[in-house]
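Record features (TrEMBL):
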- 176-203: coiled coil (COILED)
- 7-146: domain 'Transposase IS110-like N-terminal' (DOMAIN)
- 208-249: domain 'Transposase IS116/IS110/IS902 C-terminal' (DOMAIN)
- 275-304: region 'Disordered' (REGION)
Amino acid sequence: MDKPIAIGLDLAKNVFQVHGVDAEGTLVCRRQLRRSQVLAFFSRLEPCLVGMKACAGAHYWARELTAVGHEVRLMPPAYVKPYVMRGKTDAVDAEAICEAVTRPTMRFVPVKSADRQAALLDHKARDFLVRQRTQIVNAIRAHLGEFGVVVAKGILNVDRLLDAACDMPDAARPALDLLADQLRNTQARIEEVTTRIGEMQGEDALARRLATVPGVGTISSSAFAATTPDVAAFRSARDDAAWLGVRSVSRTDRVPARTAAGSFQWRERKARADLKGRQSFRGLTRPHRGHGPPSPAQAALSWRHDEPACRHAFKIDGE
């Protein structure tokens, strides 16, 4: 087999697809690999460029292949899709990845370390538990509503909700007690994970500095620190916010508006927020309307030309 200079690797749970080309773009390698064969195969190759989609397991394989001497680049799947020439198969996907990774205008995803992934896992576990808690509370509220018991919404009213469940008929008590116990256990797990996140936040210099920004707390600062790569890679806080997906799109819409005289004229309206990026992080970032302290991302990523200190707030490591 001739020496490949670029390889597209289509990841999977069990069977991986490899597509390699030489310096002239000629196909020199196309084969399937079982999971147990991947590392052995790449260990025998001379160092080359390996492209992968940034999907499940991509960061793990990027670290493993980097350890055996290859240059690994991860790409958003949406950026690889335009290079698919025909029907979707593993071989076609690997070919598209190989083509995309060699494009000079392609944008790549930074490879996360195992520690960064572990920190994000705590946030994902907490989000999962919070969603479960909401489901349980909604279930209890719906069941009580069938008996004419209505309590104000909000997690702060959960105790009132459980107190109301004590007055239910005896036949309904076992099911309601089961849900109440599940709710208490879930709340205890949330507090446990939150405590662990707080401990990790105290050990992370980046998260500690973010926590000094007004409006940024333990959860948002540690999530930002674990999600964001080296901030020196961004030209400005706006670029960082765009990478996270928490800024408005850079355009305006022209919409018709009725004047006082009854006629119509065009006016400009700022476009909606960009829906790209990380939805879990966007949940911590709400637009600041000027009342009370700014939201976490608004405080950390704000870009105001009249406030130089705020403009450079994202430069955590200092210059």
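Yeah, the Cβs are placed from backbone N, Cα and C, and that goes for glycine too.
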- Query: Can you give the mean pLDDT for the domain 'Transposase IS110-like N-terminal' (7-146), rounded to a whole number?
  - Reply: 90
- Summed over the domain 'Transposase IS110-like N-terminal' (7-146), the DSSP helix, strand and coil counts are 71 helix, 30 strand, 39 coil
